[in-house]
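Notes follow once the structure below has been shown.
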């Protein structure tokens, strides 16, 4: 079910430069992650992406970048207690087969004592990562999706895509969704109306830029009644200056805003049950800037969660 992770190696030769490459430890099975605070899981798949492909290379590139990031956070201290379960072994087949395999793997990861950190891969796998929490019937589940798009498209003849995960999750029983960083002119009236009909909250990228803390409060308010919270980041929430994504467009948020959002969510809410970062496409990037932003987003989330 999992292809074991390779050993992590720091990029610095100075032993005082404690980096994630010297802290993250590979583990062979989900049960071995119980001794850690968080566990990384790679999902190298982009067969369902609507736009440009390349996200299948995201997990390996993000790991490589994260290995060279120092673990010290000025407020939270040094990040530690992180395992790496490796990549989910994906089947040959259609998107539905892939979602089923990832869902089975994600269910095992959610049963561990460690906080799951899924590294994609395309946005279609958000359904597979969250569905086990919904199916557990152990309380209401809500998602904070930090994304330029709503991803509430109906599943059509093509089957599931990177644009359908939250429609699939609502159909499965998801209780609440807040989309933070959504961009004007990136969705349709139909899908915006669908999300609002479900009681969802849309917080635009303009709102994040004008009042980051207020935007975070709006997202929390939308999830006020749930018992479990899952946080999803689609890297295309960043401005098009960070081009290593399937669908970069102008008007996105800045990395500093993204880092602060995920760190605050992780630090202030004990209902967090998982995190994912999706749609990073290294082959579409310029100078590794998007990959580096993705790696540091994970670092900030881990700092907030500890």
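Cβ atoms here come from the backbone N, Cα and C positions, even for glycine.
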Recorded Mn(2+) 1 site member, picked from 37, 234, 236, that accompanies 123, 147, 151 in Swiss-Prot: 234
Which listed span Swiss-Prot calls region 'Disordered', if the choices are 1-36, 73-108: 1-36
Summary of DSSP states over the region 'Disordered' (1-36), given as helix, strand and coil counts: 9 helix, 5 strand, 22 coil
Intrachain residues whose Cβ lies under 8 Å of the compositional bias 'Polar residues' (1-13), provided they are six or more past its termini: 19-30, 40-42, 63, 67-68, 84-89, 101, 104-105, 108
Same chain, 6+ residues apart, C-beta under 8 Å of the C-beta of residue 149 (Mn(2+) 2 binding site), given in sequence order: 163, 182, 183, 186, 187, 234, 236, 247
Mapped DSSP class for residue 234 (Mn(2+) 1 binding site), helix or strand or coil: strand
Cβ neighbour count (within 10 Å, all chains shown) around residue 234 (Mn(2+) 1 binding site): 28
